[in-house]
Amino acid sequence: MSNAQEAVKTRHKETSLIFPVLALVVLFLWGSSQTLPVVIAINLLALIGILSSAFSVVRHADVLAHRLGEPYGSLILSLSVVILEVSLISALMATGDAAPTLMRDTLYSIIMIVTGGLVGFSLLLGGRKFATQYMNLFGIKQYLIALFPLAIIVLVFPMALPAANFSTGQALLVALISAAMYGVFLLIQTKTHQSLFVYEHEDDSDDDDPHHGKPSAHSSLWHAIWLIIHLIAVIAVTKMNASSLETLLDSMNAPVAFTGFLVALLILSPEGLGALKAVLNNQVQRAMNLFFGSVLATISLTVPVVTLIAFMTGNELQFALGAPEMVVMVASLVLCHISFSTGRTNVLNGAAHLALFAAYLMTIFA
């Protein structure tokens, strides 16, 4: 076996599974403890376990994505993020203690962390390194065309209704609309307009990571199996740690929306770091595909799945954002339309997005 193959194969040894397994053992033995230092330690270990498996999910999805090529590659990664998010939300909802606003807060946080924070940092760092970066304008517009109405329908429109929320029938209809919109988008992305999501002059030569996106010595089935194993690990750790996390947040007097922020941060961390690196390698199109693909897939698929789970379990869901959150989210989506209106970006675009990200943090922690 060559050194290159051995290097790739070594990268895919599943030692990262040790952390979620260790977290599960600790949670089983001491998860009911109410002592604050123990609760903090348990939550830190659970966080390490969840992140370890989340990074592994994205790593295996990345190998499968490379074999499928664009735009299927970004689609695989986006769907992996959605599965992680639905798993986390469902596990927290299953405890019976999750707030009705958990899905709403998570969706809001994902939209703002991506469109404000990650896009802002990407454009700022990329602009400093390359001055001006280029992307396929028409592809970005397709994401925004689909994303804007979904965000408005799911998170803003309910406030205008008499009860300031969807009825059960309306919620199920919105779930159907969300899934249908994503189906239409997938048709555009994978069948009729694939070229819109690829920038032909993307600089692949600057990618100095010998492992990122490169074919593995293992089979696709091997990666698919381990991807599923790590997803199960994330679900198991989250479910067992739910009560301990609630104890910690109560002791910290954390704001209600902080749980949604935490879920969004956990699921976006692996893909976000990978996309930031892509921008620094002058692969901004790939990064934006990952960012906006994740947000679009999150709204389109999380809403139907979580709505059905809530309907079957009798849990209540609150959809409408408050006025400050609405203003910040709509402003961020409008800014995305402006920033990507020419197909060129620089540091000013990044600074503008980060300014709105700071406003988002005010709505969470103020």
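Along the chain as shown, residues are numbered 1 onward.
A Cβ is built for glycine as well, from the same backbone N, Cα and C atoms used for every other residue.
Going by Swiss-Prot topology annotations, Thr15 is found across the membrane from Met312. Long-range contacts of the topological domain 'Cytoplasmic' (340-345) within the same chain: residues 123, 126-127, 132-137, 140-141, 144, 284, 288, each at least 6 residues beyond the stretch ends and with a Cβ under 8 Å from a Cβ of the stretch.
Spatially, the transmembrane segment (144-164) is adjacent to the transmembrane segment (319-339); three or more Cβ-Cβ distances between them are under 8 Å for residues at least 6 apart in sequence. Among 17-37, 107-127, 217-237, 256-276, 256-276 has the largest number of CB pairs under 8 A with the transmembrane segment (75-95). Here the transmembrane segment (319-339) does not touch the transmembrane segment (17-37). Their Cβ atoms form fewer than 3 pairs under 8 Å, with each pair 6 or more residues apart. A contact links the transmembrane segment (346-366) to the transmembrane segment (107-127), because at least 3 Cβ pairs that are 6 or more residues apart lie under 8 A. Ranked by the number of CB pairs under 8 Å to the transmembrane segment (256-276), the listed stretches 17-37, 38-58, 168-188 are led by 38-58. Taking Cβ pairs closer than 8 Å, the transmembrane segment (107-127) reaches residues 85, 133, 151, 154-155, 257, 260-261, 263-265, 267-268, 272, 275-276, 279-280, 282, 284, 287-288, 291-292, 294-295, 298-299, 302-303, 321, 325, 328-329, 332-333, 335-336, 339, 345-354, 356-357, 359-360, 364 in its own chain, all 6 or more past its ends.
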